[in-house]
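Each remark here refers to the structure printed beneath this line.
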Amino acid sequence: MTNIRKKHPLFKIINDSFIDLPTPSNISSWWNFGSLLGICLVIQILTGLFLAMHYTSDTTTAFSSVTHICRDVNYGWLIRYMHANGASMFFICLFLHVGRGXYYGSYTFTETWNIGIVLLFAVMATAFMGYVLPWGQMSFWGATVITNLLSAIPYIGTTLVEWIWGGFSVDKATLTRFFAFHFILPFIITALVIVHLLFLHETGSNNPSGLNSDADKIPFHPYYTIKDILGILLLLMVLMILVLFFPDILGDPDNYTPANPLNTPAHIKPEWYFLFAYAILRSIPNKLGGVMALIMSILILALLPFLHTSKQRGLTFRPITQVLFWILVANLFILTWIGGXPVEHPFVMIGQLASISYFTIIIVLMPIAGMIEDNMLKIYP
């Protein structure tokens, strides 16, 4: 058996990735989120596949087909709510995974980090298109508002929006293509995940100390397989509590009303995991400026390797930057809250201050703090 595991071309890849992989002995539970994201992706693909068997991507029947899934299909309600809340769990794990990377300086693995950013954009695009499919009020108006942002692009904007819509408004053509893209993207994401892991295994994992761990590695199996299984069980427990007790807590009641182009909801807002970016978008009065700020709110992650000024990798032994990091986390919670609140005083002002703070902390304060900490430690080359 050992012979096959180590010599067979296919099993050898699996063995070198999940069994005999040398792993730092001191990685904490913050390193569990990679495997949890893998499980989330599998759950989403499987539940999505079964939903697609019963869903129809036509404006006249889409809403009814989702109702049919929930009422008439065996365990359809379970599949539907696992898919909807599975997306929320996916994003919780994603944000924690990215936060861990930012805290422990994992962005110094630039290839792995950049593929991760591409993955984040791909998952966000998939989630957005998935939200349009039930064809409720918030689906329709969310799609209208977000796709309309592309019209801010100079010269080609309007043409681009109409090209994406497949007409002069969000309609049947839009829904059909969004379903097609929503179906294919998770498989593209799976391919990107493999590339993400490929680059990670070139360098090996980071660890909480930020130091080289070559002298103290242990095999991935059984130590981290059992640790990952514990994480997976906890994830599934939280997911099933959400699905079975509070299935609609993260959704919008407006989406239980069929899409009506003649009636605009009082407050158009995306799902909770986009609210921080939506708040940044809304805090800038100019349309193009807002769109650029929206994109930069995620793309700024690509600048982290260049903004790293400290001689230490992580924030484990850097108290000043640690404080800034947790202020940034609190700031993101504030942005999430503002994104779901109406556009009126004082929310507009709070949103603008939080947006300015977000970029200032990352671009200005953290690099300065890194230099100050180096000087305080008198670490000179």
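Cβ from N, Cα, C; glycine included.
Tertiary neighbourhood of the transmembrane segment (33-53): same-chain residues 69, 79-80, 82-83, 86-87, 89-90, 93-94, 96-97, 100, 130, 182-183, 186-187, 189-190, 193, 228, 231-232, 235-236, 239, selected by CB-CB distance under 8 Å and a gap of 6+ residues from either end. Under the heading transmembrane segment, Swiss-Prot lists 33-53 (among others).
Sequence annotations record features per position, and here Swiss-Prot assigns transmembrane segment to 77-98 (among others).
Long-range Cβ proximity for His182 (heme b b562 binding site), meaning a same-chain Cβ under 8 A and a gap of 6 or more residues, is found for Gly48, Thr126, Met129, Gly130, Leu133. Sequence annotations record features per position, and here Swiss-Prot assigns heme b b562 binding site to His83, His182 based on similarity to another entry.
According to Swiss-Prot, the feature heme b b566 binding site maps to His97, His196. The Cβ of His97 (heme b b566 binding site) lies under 8 Å from the Cβ of Phe33, Gly34, Leu37, each of these being in the same chain and 6 or more residues away along the sequence.
The transmembrane segment feature in Swiss-Prot is assigned to 113-133 (among others).
The transmembrane segment feature in Swiss-Prot is assigned to 178-198 (among others); the stated evidence is similarity to another entry.
According to DSSP, His201 (ubiquinone binding site) sits within a helical segment. Other Cβ atoms within 10 Å of the Cβ of His201 (ubiquinone binding site), summed over all protein chains shown, number 14. Residues or ranges marked as ubiquinone binding site by Swiss-Prot on the basis of similarity to another entry: His201.
The feature transmembrane segment is assigned by Swiss-Prot to 226-246 (among others). If you look at the transmembrane segment (226-246), the same-chain residues 6 or more away from its ends with a CB under 8 A from one of its CBs are 29, 32-33, 35-36, 39-40, 43, 78, 81-82, 85-86, 88-89, 93.
Feature annotation from Swiss-Prot assigns transmembrane segment to 288-308 (among others). When Cβ-Cβ distances below 8 Å are used as the criterion, the transmembrane segment (288-308) is approached by residues 98, 102, 105, 107-108, 110, 113-114, 117, 120-121, 124, 149-150, 152-154, 276-278, 280-282, 355, 358-359, 362-363, 366-367, 370 of the same chain, each at least six residues removed from its ends.
Sequence annotations record features per position, and here Swiss-Prot assigns transmembrane segment to 320-340 (among others) based on similarity to another entry.
Look at Swiss-Prot and you will find 347-367 (among others) tagged as transmembrane segment, backed by similarity to another entry. Proximity of distant same-chain residues to the transmembrane segment (347-367), defined by a Cβ-Cβ separation under 8 Å and at least 6 residues beyond the stretch ends, is recorded for 279-280, 282-284, 293, 296-297, 300, 303-304, 307-309, 321, 324-325, 327-328, 331-332, 334-335, 338-339, 341.
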Let me spell it out: take the transmembrane segment (320-340), skip the flanking residues so only those 6+ beyond its ends count, and list any with a Cβ under 8 Å from a Cβ in it.
99, 102-103, 267, 269-270, 272, 274-280, 282-283, 310, 347, 350-351, 354-355, 357-358, 361-362, 365-366, 369-370, 372-373
In the same chain, which residue numbers or ranges, 6 or more beyond the ends of the transmembrane segment (113-133), come under 8 angstroms Cβ to Cβ?
48, 55, 57, 62, 66, 87, 90-91, 94, 98, 101, 106-107, 139-140, 142-143, 146, 174-175, 178-179, 181-182, 185-186, 188-189, 192-193, 195-196, 199, 270-271, 273-274, 298-299, 301-302, 304-305
Same-chain residues at least 6 beyond the ends of the transmembrane segment (77-98) whose Cβ lies under 8 Å from its Cβ atoms:
30, 33-34, 36-37, 40-41, 43-44, 47-48, 50-51, 66, 69-71, 116, 120, 123, 127, 130, 235, 238-239, 242-243, 247, 250-251, 271-273, 301
In whole Å, how far is His83 (heme b b562 binding site) from His201 (ubiquinone binding site) when you measure between their Cα atoms?
30
